[in-house]
Amino acid sequence: MILIRNVRLVDARGERGPADVLIGEGRILSLEGGEAKQVVDGTGCFLAPGFLDLHAHLREPGEEVKEDLFSGLLAAVRGGYTDLVSMPNTKPPVDTPEAVRALKEKAKALGLARLHPAAALTEKQEGKTLTPAGLLREAGAVLLTDDGRTNEDAGVLAAGLLMAAPLGLPVAVHAEDAGLRRNGVMNDGPLADLLGLPGNPPEAEAARIARDLEVLRYALRRSPATPRLHVQHLSTKRGLELVREAKRAGLPVTAEATPHHLTLTEEALRTFDPLFKVAPPLRGEEDREALLEGLLDGTLDAIATDHAPHTLAEKEKDLLRAPFGIPSLEVAFPLLYTELHLKRGFPLQRLVELFTDGPRRVLGLPPLHLEEGAEASLVLLSPKERPVDPSAFASKARYSPWAGWVLGGWPVLTLVAGRIVHEALK
C-alpha cells in the first residue's frame, strides 16, 4: 500500500483537493486516506494521471547507439509518462507482427513505461505495399504510420485508411509534401534567405494536410467503418486551420503538436545551432501562437514529444549535415507547465488533458481519471523549479535546446499500475 498525503488532484475533469490518495492492488483505493506501508508527503505538489506520448523514436532495433528501449523508457517515466507509442522507422522498420511482439515483450520485461508500438503502414516504409494490419493489431500495434517518411502515393494512403478502419486503427501521417520540402533545413522565409539556408516552406505542410483530408473524405465515403487520420507534429497556422475546418465538417481527424513547436521559433536558428534542426522545422511566431490557440479550442488533441535522439557527434555536425530531431521526453511537461501555465495562464486542467485523455482518445482508449477504482498509473509533480541539465538525462541524447532553462512541474514520482517506476522525492 502507498499513501500520497495532502496532494492536489488534477485531471481532465478539473482540479480539486487536497486529498489523501491510497493506492493498492494496482488501483486507487481511496481519496480519503488509509493505512499504508509507504507514505509520501504530497504537500505543495499535484497528482495527475500518467502521461501518454503518442510519438517517440526509441531507435531499437538497429540504432541503439542513439537510444534503446531501456534508456528511452527510463527517460519516459522520468518525464511522467506511463505509456508511450514508439515509431516504426527503425532499422529494419517495424513492419511485421514478429517485430511488434518482440518490442512489446522486451519492454514489458523492463518494467518501466508501457510500450505501445506503432507499426509501419507499408512494407519497409517504402510507400508501396501495405503491411498486414490485422496481424499487426493482434500483435499489439496501436496505430499505423510511415513517420520519418512522407506518404507520397495518395492511393496507398487511401487503401491504408480503408484497411485500418474496421480494425479501429488510426493512420498517422508525417504531413509534408516532399516536392515542396526538398532539402530545406529551416522554415522558408526572409530569415532563411538572410542566413543563406535552404528553406522548408509552410505550404509543404498545408498542401499535404489538404490532400490527406481529401483522401480521408474518400475513405470515409467508401468504408462502412470509420477511418481515422492523425496528423503528426503540426507546425503551421494554415495546417491548423485546415484541421480545424475538417473537424467542424465532421471528419474523423485528430492532430498533435510538439513541445518544440510550442516553445521555440525559427529565430533559434540565427546561431546556426543544429540542436534546433527538426522536421518539420521551427516556424514563425505567428505559427506558434496559432498552435497555442489550437490547444485551447480543441483543434489539437494531444501534445506529443516526437522525441528524436541522435548521438551528440551527429548533432554537432554543421546545420546542413546534422540529422533532424530533438529529444524531449524528460522535459516536455515541465517545459509546458512553465512556459504555458505559469507564464501565460494556460489552464492546468487542459494542459494535463493534452498529456492524458487527449492522446488516449486518439488511440480509442478510455479516459483515466483520479477516482476510486481507477488504475493507479499516476505522476506526482512538484512546482519546485530547477534548471534543465542534459548531463543528468536518462536518455542517451544528453543535450537539449532548453539546457539551462529554469522549469517547474518536474515529475518526482511515477507509478505504473501501482508500481513505483520513478522516484525523485528528495
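Using N, Cα and C of the backbone, Cβ positions are placed for all residues, glycine too.
Since the structure is predicted, the reported quantities are computational estimates derived from the model, not experimental observations.
Listed in Swiss-Prot:
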| type | residues | note |
| --- | --- | --- |
| ACT_SITE | D306 | active site |
| BINDING | H55, H57, D147, D306 | Zn(2+) 1 binding site |
| BINDING | H57, L58, R59, N89, H310, F324, G325 | substrate binding site |
| BINDING | D147, H174, H233 | Zn(2+) 2 binding site |
Worksheet item: Closest to L58 (substrate binding site): which of the recorded positions D147, H174, H233, D306, going by Cα position?
Response: D306
Practice prompt. Among all chains shown, work out which of the binding-site residues H55, H174 has the most CB atoms within 10 A of its CB.
Written response: H55
Worksheet item: Among H57, L58, R59, N89, H310, F324, G325, recorded substrate binders, what is the largest CA to CA distance in Å?
Response: 15
Practice prompt. Quick one: of the binding-site residues H55, H57, D147, H174, H233, which has its CA closest to the CA of H310 (substrate binding site)?
Written response: H57
Worksheet item: Under 8 Å Cβ-Cβ from R59 (substrate binding site), six or more apart in the same chain: what's there?
Response: K66, E67, D68, G72, T90, P309
Item to complete: Could you check which of these binding-site residues, N89, D147, G325, sit within 10 Å of H174 (Zn(2+) 2 binding site), going Cα to Cα?
Response: D147
Item to complete: Whole-number Å only: compute the distance from the Cα of D147 (Zn(2+) 1 binding site) to the Cα of D306 (active site).
Response: 10
